[in-house]
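The feature transmembrane segment is assigned by TrEMBL to B:33-53, B:59-81, B:93-109, B:115-137, B:144-162, B:174-204, B:233-258, B:264-282, B:289-308, B:314-333.
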């Protein structure tokens, strides 16, 4: 409590062990009132453990947590915790089939004569949202809200419990850049109104944009806390990785261009489908092609259509001169397309199964005679994947949900490459993975390309597009621009956002 | 609220490095053996409380009595692992052999088919019912619970209608062979159940179709993205379950010596209990054939003990139900996994 600035939350020397493993060791964190404090670190650095201690989901083994100088409430007293702190997770914590109003007042609905008063519920909700300038229809089922609105509703709900300290766990991961901009404006407004944020993000430029202080964790330990202005992006990366050098990704501009006479391995002609119309392009052997665009641009849908996860309305995808049947993943696999799908939890992995089962999932039919896929053979596939892709795991029989995001994504990539495809389709390959894993995953792209295969990368992250020979820009379902390797960030973003630049 | 909680669990699960050391190695295999100690304890208790319990004759009769249940549990377990549901199996147990019998016996439809054709029809009826369930659930995407509940009622009604509520006798000997003929002292039905469990267990563990089943039950979208033909396999599972229930019905027919209009009535609860006690997850994607088999045996031994202990027949159902509840609780603690 120095210099008259009020401390909202203070963790002093907190530590947490799970069995033999130290998840957090002697970490201290002080968040001052009215600031936005960034918490960064690679997956497994201890961020989530620290958040769970700060939000009362678990109790520190050592050290103390205090709110405004007072000791934290007992772990079982959720009501008391709710008045101190709230966490808005990357994934939804609203109940999708209930209305926004009911979600806001769930389990504390206003009553009249002992029964729920729906009119008062709606009125109170409207007032609550209005007081924080959240423009959302309270009668809408919460599941129909956009990610952006859903986050605002969750923030408003947290504020209505009296909490003025809010943890945002990767709030920008699912937002496009317009929505991120609006979220940041909103965060600044709330800050002015006395709300304090702990902001978790993998995007370091966001930390610089919206936060005043930053704390870096690494390997369960506290590395540094400093004003954001005092640390450059490279210094932040160094602090996170414990190495110097920052993110190293092969830039396509630094290698030879694809031979001019390289033949097309995959062609897309006049393809129309969900959210995109009349798209045509070719993918040559040894080429890495990127597709950029906002979330609503239809870029994910194009990639999913090529892999057969969606059926196009019109047009044709040709692989090595042969047209692919519509909406048939099996046929796409057989024709030589491998894919890392958009969301590894939803489409990539069976989290309850072992690494071995996950890694072998798309090559089950080629493991033995008559469809036999013996455990030994599956384990061998996984053991090889663990070695080849540098997956940090206890062994091939470990369950996939016990791994960090980066390691999970490596399994999905290993599987996509398991069928030895000619074309690799990557959709948001580095979403929610740490810097090191990002390098490793993009390093695999370079290796695959060098083998003469073709890679299609669809991504929200500009870093992912660096290894691309060409980047196509999609806006509202149309191809609007093409950039050669060596593009400038400004030009690409201007095309993605549709900003006129003359 | 559950969504909030599961999300919270997930969130602070992802970054914890210590989880790297859990759920690996031999643990999954130990879980399959969770019921074995319970079975052994029951056998010891049985031997103590009743002299005639641990005799060869009684043990064989336990196995013979549970063969039909075992076959239906086998089918249900496959459906459950694929992440779906089939309540109508208990009605298939009744209607499939009844149709076969009515085609064969003089007092039936008047066709008086050869016994072999009748038995083939029994399997076919099981397959057709399964295929219809599969069509409604997989193709039309109707809810499995309600579809198979409706099918349960429809099929039960068809059976009562076709037999006019009467019991069918006079089937040819071939209809009873499975339950009456023995091989090395055990009824053929027991051998059949054992072989089918072994084959299914092998396929689940060693064949791509088996692994696909777990993948589909664990995460349909991921299975689809990995090139697994989710719809075809899901549909096929219903057909297989229908056929297994039909065979179970044939075994039950032989065991009873007749087909009652309520054959199989109420059986589905025992089927689910055996499967869940045996570690098959109602959420899909989890469970083994060995576990399901131990679940069947546990319930069979309990039922036999209750009979031997001469629990009054009016009370036997209440006691049986209570024991299923206790078994579920025990399985929860020995197995360690929440049975959500």
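Glycine too: its Cβ is placed from the backbone N, Cα and C atoms.
A contact links the transmembrane segment (B:33-53) to the transmembrane segment (B:289-308), because at least 3 Cβ pairs that are 6 or more residues apart lie under 8 A. Residues 64-65, 67-72, 74-76, 78-79, 82-84, 86, 89-90, 92-97, 100-101, 119, 122-123, 125-131, 133-135, 137-139, 167-169, 171, 175-180, 189, 192-193, 196, 209, 212-213, 216, 264 of the same chain lie 6+ residues outside the transmembrane segment (B:233-258) yet bring a C-beta within less than 8 angstroms of a C-beta in it. Contact check: the transmembrane segment (B:314-333) against the transmembrane segment (B:264-282) gives at least three Cβ pairs closer than 8 Å, residues 6 or more apart, which meets the contact criterion. Cβ atoms under 8 Å from those of the transmembrane segment (B:289-308) belong to residues 31-32, 34-36, 38-39, 42-43, 45-46, 49-50, 52-53, 58, 61-63, 65-66, 69-70, 73-74, 77, 197-198, 200-201, 204, 270, 273-280, 316, 319-320, 323-324, 327 of the same chain, restricted to positions at least 6 beyond its ends.
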